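Step one of this worksheet: look at the structure below.
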Amino acid sequence: MATIDVPNQVSFLEDAEALRKACQGWGTDEKAIISVLGHRNAAQRKQIRLAYEELYQEDLIKRLESELSGDFERAVYRWILDPADRDAVLANVAIRKSSPDHHVIIEISCTRSPEELLAVRRAYQARYKHSLEEDVAAHTKGDIRTLLVVLVSAFRYDGEEINTRVANSEAKTLHDAIKDKAFNHEEVIRIMSTRSKMQLMATFNRYRDDQGTSITKNLPGASGDEFLLALRTAVRCLNDPKKYFEKVLRSSIKRTGTDEDGLTRVIVTRAEKDLKEIKDLYYKRNSVPLDQAVAKDTSGDYKAFLLTLLGKED
């Protein structure tokens, strides 16, 4: 369930005018920007951008970039983009870091629906004039390249049907590979990149039943093996994305110095999807409401904006 509070009736022209007014004068009215954009869904934000451009012959996104700064600017920028375009930007930023953020690429590849991932690839190509797969391949190497390219290229079956016989067989295949420490075995990569999420859940459940422990417990996260860490992240994203996102939030907040990129990414990308359930899980795991943890670890307009997306005004 979503956390943002969206009114039923919206005037896109009035919203565009309010944003224009907020950006004029001696200082930017950040509170006005938050009160409009923090309470509009993706479809409404797109209509506001169109109305703004028609009224003022100016790109609203570029105007906001010039008016805002720091973590607040980055959060607003990522929020106002269409979801597929936002993911394309997140993927490009992750790929082009001096040390690529493989977990962000895996997160986008494995937690989006097949249609959403296809839309991301189209948006990426439109924005950067080359494919997501091409850029992932250009900035990685070896086994990690093989895994990431097949994950971003996947178009999985998205239905409910599963094959129990296949789940039993592939649970054994995964167990044998893990036992032999052959984490990069081609069969492991094939299973992870081609099977539907429901089929993989059945396979992971069978693995747990057969081995008495979850597959992630047998993929040690503390090792320095880059491929093993990537594989473990993919399993977590495919098997229980809400649990994965809760851990990203927890790690972002509890580390020495807040990881604003991780915190912003999860709140912005999940606020219209399942952030309420992620919040519930966070409270269950940490005995502290997520709103309270975010409020303690952030400040200013950035804090106010995140809290608005979390459904709790500052």
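From the backbone N, Cα and C atoms, a Cβ is placed for every residue, glycine too.
Bear in mind that TrEMBL entries carry predicted annotations, made automatically and left uncurated.
The Ca(2+) 1 binding site annotation in TrEMBL covers G25, G27, E67. Per TrEMBL, Ca(2+) 2 binding site is recorded for I253, R255, G257, D297. What TrEMBL records for A295, T298 is Ca(2+) 3 binding site.
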*asked:* Tell me the Cα distance separating T298 (Ca(2+) 3 binding site) from G257 (Ca(2+) 2 binding site), rounded to the nearest angstrom.
replied: 10
*Out of I253, A295, which of the binding-site residues is least crowded by other Cβ atoms within 10 Å?*
A295
*Quick one: among the binding-site residues E67, G257, which has the most Cβ atoms sitting within 10 Å of its own Cβ?*
E67
*Could you round the CA separation between E67 (Ca(2+) 1 binding site) and I253 (Ca(2+) 2 binding site) to a whole angstrom and send it over?*
27
*Could you state the whole-number distance in Å separating the C-alpha atoms of G25 (Ca(2+) 1 binding site) and T298 (Ca(2+) 3 binding site)?*
27
*CB neighbours of G25 (Ca(2+) 1 binding site) within 10 A?*
8
_Validating a neighbour-count step here. Other CB atoms within 10 A of the CB of R255 (Ca(2+) 2 binding site): how many?_
11
_To the nearest Å, how far is the Cα of T298 (Ca(2+) 3 binding site) from the Cα of I253 (Ca(2+) 2 binding site)?_
9
*For D297 (Ca(2+) 2 binding site) and G27 (Ca(2+) 1 binding site), what Cα-Cα distance in Å is obtained after rounding to a whole number?*
26
*To the nearest whole angstrom, state the Cα distance for the pair R255 (Ca(2+) 2 binding site) and G27 (Ca(2+) 1 binding site).*
34
